[in-house]
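Asker: So that we are looking at the same thing, I have put the structure below in structure tokens.
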Amino acid sequence: MKSYVAVFIGGAIGSLLRYAVNLLGGTAVFPWPTFIENTSGSLLLGLLTGFFAARAKKPLVQLCLGTGFCGGYTTMSAFSKETVLLLQSAAHIGVLYLMASLACGVCFAFLGIVIGKKVSGAAGKEKERYQS
């Protein structure tokens, strides 16, 4: 039951933050709020993944922040809908949005994992393991 509560709390906070970012509004041409939510959410999930990689497992914290907060904050459904609408109305913008979102999402997640490992000390432990 604690797991459900952790995901619920994180998801509620993440969804509220996503709503706040959406209030900033996007342009009629490019859906900046969703782009910002998904790329920053990828960075945050990467940070959490890297940070908890070498730390004692804290499943409730991980569920609250990873599954709950990041899951509530990021939005695959809005990304998909916006991509389809852009492809139908302005194909070149739709392709740009699709490629930029995927490339930035993956790069930010990778960067987050690297930074998270460095902050937690996991990077040094991995280096020692390979040098032994």
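Glycine is treated like the rest: Cβ placed from N, Cα and C.
The Na(+) binding site annotation in Swiss-Prot covers Gly71, Thr74, and the record cites sequence analysis as its basis. For 5-25, 34-54, 59-79, 95-115, the entry in Swiss-Prot reads transmembrane segment.
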Asker: Any residues 6+ beyond the ends of the transmembrane segment (95-115) with a Cβ under 8 Å from its own?
Answerer: 30-31, 35, 38-40, 42-50, 53, 79, 82-83, 86-87, 123
Asker: For Gly71 (Na(+) binding site), just count the other CB atoms lying within 10 A of its CB, please.
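Answerer: So the Cβ neighbour count for Gly71 (Na(+) binding site) comes to 19.
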Asker: Show which residues of the chain containing Thr74 (Na(+) binding site), separated from it by at least 6 in sequence, have their CB under 8 Å from its CB.
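Answerer: Gly14, Arg18, Glu37, Asn38, Gly41, Ser42, Leu45 - these are the non-local Cβ neighbours of Thr74 (Na(+) binding site), listed in sequence order.
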Asker: Helix, strand or coil: which one is Gly71 (Na(+) binding site) in, per DSSP?
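Answerer: In three-state terms, Gly71 (Na(+) binding site) counts as helix.
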